[in-house]
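Engineer: Copying in the features that TrEMBL gives for the protein in this structure:
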- A:Cys81, A:Cys86, A:Cys122, A:Cys126: [2Fe-2S] cluster binding site (BINDING)
Amino acid sequence: MTLSADLRSEITHAMDHHGGPRAAMLESLRMIQQAHGWVCDAHLEEAAALLGVTTAEMEDIATFYSLIFRQPVGERLILLCDGASCYLNGGEDVRDAVMARLGIGFGQTTPDGKYTLINICCVGGCDHAPAAVIGRDRKLVGPLTPETIDEILGEAAL
Amino acid sequence: MNEHKPLTGRARPDRSPHTLEEWRKLGGYAAVERGLKALSPEQVLDMVDDANLNGRGGAGFPAAKKWRFMPKPGQSPGDGPSYFIVNGDEMEPGAFKDRILLEAVPHQLIEGAILAAYATHSSEIIVLIRDAYRDAIANVTRAIAEAEAAGYLGRNVLGSGFDVKMWVHPSAGRYIVGEETALIEALEGKRAVPRKRPPFPAQSGLWGRPTTVNNVETVSCVSHIVANGAQWFRALSRTEEGGTKVFGVSGRVNRPGIIEAPMGTPAGELIEQAGGVSGTGVLRCFQPGGGASGFLEPDALDVPLDFGNVAKAGSMFGTGTMIVLDQSACPLAVIARHMAFYARESCGWCTPCRDGLPWVAQIMMRLERGEGRMEDLDVLRETVAIAGPRGRTFCDLMGGAMAPLGSGLARFGDLFEAHVREGCCPIAREYGRSAA
């Protein structure tokens, strides 16, 4: 797989306008992920070559930042908050219900490739606790209950 | 404009942002016009100094004092720009105040950032926003484009001779990015590992250039100070520290939410405005300023919440976003989750933090399950003593993490021992697991 012409020009733009090749690495990874859902080896190598940095430098960044995915994620991404305010409002009951419903734990994708479940630090939704951010737009949802998770899972379109 | 809620009074209930035209009709950009046309950078800085604006990101460091570390034109070492960075990496447990300021009132932030950049002789403004705040990223990006088109950003802003450009850097996870030197590393395209200080960012920051990093809320205050004056800003507060504060109340309360109120508003009033304590309806304790602030108990409900007074009461004002625990909530369980969070979010550079926090987190989980030993409490106390505030690490992530643990051990020592002695959580036994 190769990067689209659009992505290549966006990466070059970021490099020219936002502080040079190194500074544009994370932004490039984000743009690739936005287009493809995750960052595969071929894309990472191509972006590194385009920026003139080494693959290792690119990988260094990709593996540090927790929301850059180096393996495929499901069509529907669920980032479940594990902050204290969510915990105090039954966040762990929601967590258990989501895990039971999907049959996966944190950091895992359902075998059919539909859902990926990830725990995330406080999503700034303490007024909607327990909360999650879902899908490509990181839509904030909550307050969640074990009874209403099905609607949330249905809405978690990537 | 709502006089008593300058920061959030103009925000719409659905948090949809104003267009630049709408914002101007509400008085927007008048402060930028005034500042750049009628005031010198030093005058803007002096106003912020007189207003007694303390940094709202957690440390409470006076904004003007930080700005004065920046070199004046001609004194800057070598060639190149100075940078003004807005920190929108809000991830502290219990903190949700910057989200509304970024999403709903982005032009207020841009106004403040222009004036702050002017006062600090910075020609580039970068707003770093966490990945989960996609609406914030989109709204601020759009507002910047509008401000550029209207001539508030760019070359020779409003004919003042001041050049400034501004852009958004979306981040991609990791709590430590919010630490100001780690944030600078992140912008340089590196792993977000905090730097050793000195040198401080004002001497050598982004790409070795003079840099100031301020929190979203701090920057959002600046246009109001310039528009209305330092005395007006100070008068908003009930204490010595200027302004209103965008407080947050969450956890066990009936109506969790954001409350903009005078700096110095006591916790009791805020909890009441948040609909009172939920669960049993009886307060056990609260953390006044997010996950890294020590616990306070009901006797502190009347303490005016500002940096100085909360410190005197034995905790930290931090982000001003409080987490409330009722009688049926177990502080050990909350501490255990905080420790798991800080352990996971350690950047891994300094050994006490990288190795100490997972150890502490495991002990806390064991205690919560009722499988703890009395010796565990000694290990916890020893870790707090070794790694507490300003401990043996580059940054204060671990020091901050030790605040709830240390204050928990000091205030709820009996409860820790009861978990060991009884082999279970006494609060969960009384009220049920889910409640605790």
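For all residues, glycine too, the Cβ spot is worked out from N, Cα and C.
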Engineer: Drop a 10 Å sphere on every Cβ of the binding-site residues A:Cys86, A:Cys122, A:Cys126 and tell me which sphere holds the fewest other Cβ atoms.
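Structural biologist: Selected from the binding-site residues A:Cys86, A:Cys122, A:Cys126 on minimum Cβ neighbours within 10 Å: A:Cys122.
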Engineer: Quick one: of the binding-site residues A:Cys81, A:Cys86, A:Cys122, which have a CB under 8 A from chain B's CB atoms?
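Structural biologist: Near chain B - Cβ to Cβ under 8 Å - we find A:Cys122.
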Engineer: When DSSP is mapped onto helix/strand/coil, what comes out for A:Cys122 ([2Fe-2S] cluster binding site)?
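Structural biologist: SS state of A:Cys122 ([2Fe-2S] cluster binding site) = coil.
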Engineer: For A:Cys81 ([2Fe-2S] cluster binding site), just count the other CB atoms lying within 10 A of its CB, please.
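Structural biologist: Excluding its own Cβ, the number within 10 Å is 30.
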Engineer: What does DSSP call A:Cys81 ([2Fe-2S] cluster binding site) in the simple three-state scheme?
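Structural biologist: A:Cys81 ([2Fe-2S] cluster binding site) sits in a strand per DSSP.
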